[in-house]
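K.L.:
Handing you this structure, nothing more for now.
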């Protein structure tokens, strides 16, 4: 490369180099600014997190762990990883943290690699009751490599059937029990899970990917000291970059998890993401994060109450955390149809199966809604009640139309109201 081409390589903007990608990013920024984000697993990160994630630390390979790398020149990325580790430990009150997992699936796979052998038995929440693919779904590696015993919720009240958990544990003697899920809106009884695990000599793993921000903020009970290991993603309610963390108080287990992550499952860690994790953990350690977590729960409750008042059923009758499953059958709608109609009205959510759902997984009888992203924008209970009424308006219009095309007039009217609402809560103003 000539000096001119080298200078161009280091200094040309994205808009100049790749206008197609620049344009897509600009359109996505517009979508995020003007639409209401209710996907429970999504959130909005700070400028500081974005800057760390987009930093030159992406250039550095750093196989191994701080102070024990297989590459030279790691003295500064070591600072970032050490800060991420120490902040994660402080945030959750634990002795050990591995901040290298690239995703939620990989953090869970690392725990399996450390604690299980192929063919071993473990228990997890059934996908149809609000579990995750990595908790034993037959289409996932976890369901293919291990003998999975699923537990679920009761058909009457849609609450966890802890008697079933105890009975199945006694019958099958699992090596590992997973507590936690992606669509369960009530408080988890970690103590009871640990008692059941101890009764059969099993490890207790808590996947708190969805509720970690609420745990850090003090509005949901911590799984420690009850669990042997907890995993969490760093986005969702924690408001960090996409990635995972493994937490434990057991030094021997910590060594196993470290070996499972590297070299067992991953190679070089993503140092720019780890730097961004450190920033997000630092933000979550600030006093205002507790206010944020408390507001998330208040907002979710306000939304659930509004939807119930509007004639919808919320699975289990309400929520204690950041999310809810909405049963659409009273509005004669499917999750697929409702997701599309709400999307056209600039309200973003995801179709989701409900417990004992008669519909197919790609159709579903419900949608999952969450409050973290809207709360980050500054929405409070009044805004979430307004959002709930807008959702009911769209679904009532959809019921009248009774077609996949929806009710264009109603959706257009709601879309205008959504833009008026989101315009009052701007985001990323520095981006222009």
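Every residue number used here counts from 1 along the chain in the order it is shown.
The backbone N, Cα and C atoms fix where each Cβ goes, glycine too.
According to Swiss-Prot, the protein has these features:
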| type | residues | note |
| --- | --- | --- |
| BINDING | 127, 131, 132, 133 | (6S)-5,6,7,8-tetrahydrofolate binding site |
| MOD_RES | 236 | N6-(pyridoxal phosphate)lysine |
| SITE | 235 | site 'Plays an important role in substrate specificity' |
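What's the neighbourhood like for these features in this structure?
P.N.:
Taking the Cβ of residue 131 ((6S)-5,6,7,8-tetrahydrofolate binding site) as centre and 10 Å as the limit, one finds 23 other Cβ atoms among all the protein chains shown. Residue 131 ((6S)-5,6,7,8-tetrahydrofolate binding site) carries neither a helix nor a strand DSSP state and counts as coil.
A C-beta separation below 8 Å, combined with a sequence spacing of at least six in one chain, links residue 236 (N6-(pyridoxal phosphate)lysine) to 40, 41, 42, 43, 209, 210, 212, 213, 372.
Proximity of residue 235 (site 'Plays an important role in substrate specificity') to non-local residues of its own chain (separation of 6 or more, Cβ distance below 8 Å) is seen for 41, 42, 43, 45, 241, 242, 243, given in sequence order.
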K.L.:
Quiz question: given the binding-site residues 127, 133, which has the greatest number of C-beta atoms lying within 10 angstroms of its own C-beta?
P.N.:
127
K.L.:
May I have the list of same-chain residues other than 127, 131, 132, 133 whose Cβ is within 8 Å of the Cβ centroid of the recorded (6S)-5,6,7,8-tetrahydrofolate site, in sequence order?
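P.N.:
Going along the sequence, the neighbours appear as 124, 125, 126, 130, 134, 135, 136, 137, 140, 181, 182.
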K.L.:
Where does residue 235 (site 'Plays an important role in substrate specificity') sit in DSSP terms: helix, strand, or coil?
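P.N.:
For residue 235 (site 'Plays an important role in substrate specificity') - judged by DSSP and reduced to three states - the answer is coil.
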K.L.:
Taking the Cβ of residue 132 ((6S)-5,6,7,8-tetrahydrofolate binding site) as the centre, how many other Cβ atoms fall within a 10 Å radius?
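P.N.:
By my count, 23.
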